[in-house]
Amino acid sequence: MADFYYLPGSSPCRSVIMTAKAVGVELNKKLLNLRAGEHLKPEFLKINPQHTIPTLVDNGFALWESRAIQVYLVEKYGKTDSLYPKCPKKRAVINQRLYFDMGTLYQSFANYYYPQVFAKAPADPEAFKKIESAFEFLNTFLEGQEYAAGDSLTVADIALVASVSTFEVAGFEISKYANVNKWYENAKKVTPGWEENWAGCLEFKKFFE
């Protein structure tokens, strides 16, 4: 069983948990207390010198960065390639969505909400505009689409649903974006591990209360 270092409130950690559920892999979950500095202990730095979560250790093989872990789990343990198809064009679209999630959508969340939550900084209206812009892009990607990349559930949907659900508990109005809202309501029903994802979201929500 693979060791999985995580926090339940973390969106990237939740995307890995849902992917593992989708491919039927059980994770040996190890909570890492970042506030206590557990990620900076020598034993963890040996595993991941970048000292980030999520981190997976599968039979001695250590990997971090959630989207890399998602792809690894599907390629190693998936009974089919449906979550990350081998077709170069299908895979390219999935990769684009994953990079969009990492570099644009979730980054906009971090830039706007993290300073407020962790540094008690005032809200930055310019950073909020970046969130709105990211959702407008996602809304366009999802025009006429039931799924984020192709005609079935993929790791792109799983990564994006982890992010979008985090926006929801932060109080962002997803319903303003009709295509995103429709996709999200469906994703809640069809994504394996959604319940655990939502429980983690509610943990994260405590930072906003």
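Backbone N, Cα and C define each Cβ position, glycine as well.
Annotated glutathione-binding residues in Swiss-Prot are His51, Thr52, Ile53, Glu65, Ser66, Arg67, and among Ser10, Ser133, Ser152 the one listed with them is Ser10. For Glu65 (glutathione binding site), the same-chain residues lying six or more positions away in sequence with a CB closer than 8 A to its CB are Thr52. In the three-state DSSP scheme, Ile53 (glutathione binding site) is classed as coil. Most Cβ neighbours within 10 Å, among the binding-site residues Ser10, Thr52, Ser66: Ser66 holds that distinction in the structure as shown. When the binding-site residues His51, Arg67 are compared by the number of other CB atoms within 10 angstroms of each CB, His51 has the fewest.
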